[in-house]
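Annotated features, as they stand in Swiss-Prot:
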type	residues	note
ACT_SITE	S139	active site, nucleophile
ACT_SITE	D163	active site
ACT_SITE	H365	active site
BINDING	V60, F140	substrate binding site
REGION	58-246	region 'Abhydrolase domain'
Amino acid sequence: MSTEKFTITEHLVPGSHIREYPGSTVNQQDVLKIHVKNYTPKREGPVPDDAITFIATHGVGLPKELYEPLWDELLDQASGFHIRAIWMADVASMNQSGIHNEDKLSMDCSWMDHARDLLLMINHFRDQMPRPLVGIGHSFGGNIITNLAYLHPRLFTTLLLLDPLIQLSPPSLGFGTDAPSAINYTLWRDDVWPSREEAIRANRAIMQGMDPRCLDRMTKHFFRDLPTPLYPDVEAIKARFGTTADSTTTPVTLTTPKYHELVAQIRQNFNARDPKTGRIEVPRDTHADMDPLVAYIPLYRPEPRSTFRRLETLRPSCLWVIAGATFLNIDEIREGVKICGSGIGGSGGVPDGRVREVVLPGFGHLMPFQEVKTVAGTCVVWLQQEMDRFRQTERQWKEDRDGKSHQAVEENWYKVLKPIPTGRKKRSDKGKL
């Protein structure tokens with residue numbers, strides 16, 4: 001249990017000012033709150049100077065508490081490195097953050113907002129987060145943590161991307177010739193049940209194969225007792241299910257409302273086509289990130305493609321842990337691995353040993369909850385290598401800086417920058433008009 005291995009401290013911090021999309025909040029100036037958990041290992045003795053601070057990001061609609069068994073395994077398997085703390089925040093519209101913000105949230109969501117929220121959180125708690133920092137993200141959280149690295153290239157020493165949603169092609173959208181997908185399921189699914197027990201039974205398919213530790217957290221944190229703003233009338237819900245009014249059984253709904261999960265998965269583009277002329281015109285005030293070539297499609301999601309296109313510039317080293325049976329486009333993800341960090345500003349990529357891909361055959365997208373030990377062990381091997389490199393780099397930096405002045409530039413500046421001539425040539429007036 002995480003409480004046996006970690007001291008867990010909860011925080012509520014403000015989100016970043018001005019959201020990416022004006023429709024993310026009821027009023028554009030609304031201040032959102034971000035619910036944060038800080039997991040600090042219970043240990044005897046001082047914390048080593050090079051102990052890692054992890055910044056973690058979750059998948060769409062998945063409570064951050066589901067990842068606690070993964071933190072337990074990382075701590076148990078850690079060898080060649082130490083853990084200072086693990087920090088994880090719920091996205092503003094999801095889980096505990098969503099509950100705190102439910103009177104301010106509206107029907108839009110940008111993944112970029114959480115990257116900015118995390119940067120704000122890191123600055124807020126900077127005194128507790130000395131280097132090295134390591135980012136770890138699952139699913140759309142892998143995309144978000146990558147964008148945080150784009151925002152601040154030297155922030156992270158390395159990234160651990162667990163089946164990240166970084167690809168060029170959109171998912172199946174369930175219209176035209178597309179088969180229904182997770183997006184269709186999210187919109188049309190049931191989202192209220194007469195009891196927690198009934199909710200667990202109804203959702204057993206998504207819980208199938210989960211580690212018992214994750215399953216326990218799923219039953220506690222994935223559902224929420226009524227009333228909620230979406231379902232304020234408990235008696236009406238009881239009547240719908242034929243439950244007596246005096247019953248002590250409490251109806252439940254999803255902790256993250258399905259509509260917030262939906263708009264995080266996909267974004268609407270319903271107004272690009274002029275109803276009078278039939279012409280497609282991108283409404284740039286609200287949809288500037290829409291590719292004009294595909295603006296005829298009524299749904300889109302910009303971040304997977306835009307993040308993929310910047311992979312060459314990714315500065316921190318990166319481990320890609322890919323689920324062999326993922327529903328994502330695995331071929332495109334692997335193409336991303338090939339170019340990751342290979343361009344100007346990047347880490348050097350695969351050729352320099354700064355990027356590695358590990359495919360776990362047979363594992364699905366929810367592998368952090370189903371194969372906890374294996375996923376943790378894969379990350380540990382990479383962290384051992386990267387921490388050895390970090391220590392070597394730090395030692396070399398200190399040696400190179402030893403004895404240097406911090407008040408004046410070194411002699412090489414005077415060798416490279418030639419002095420300005422002291423004499424002035426007589427000015428000619430021949431060129432005057």
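Note that Cβ sites are derived from N, Cα and C of the backbone, with glycine treated the same way.
For the pair formed by D163 (active site) and H365 (active site), distance between Cα atoms is given as 6 Å, rounded to the nearest Å.
Neighbour list (F140 (substrate binding site), Cβ cut-off 8 Å, at least 6 residues apart, same chain): G59, V60, W111, L165, A264, E303. Residues near H365 (active site) in space but far in sequence (CB under 8 A, at least 6 apart, same chain), listed by position: S139, D163, A323, T326, F327, L328.
When the recorded positions V60, S139, D163 are compared by the number of other CB atoms within 10 angstroms of each CB, V60 has the fewest. Under DSSP, H365 (active site) is assigned to coil, being neither helix nor strand in the three-state scheme.
Mean pLDDT for the region 'Abhydrolase domain' (58-246) in the predicted structure: 95.
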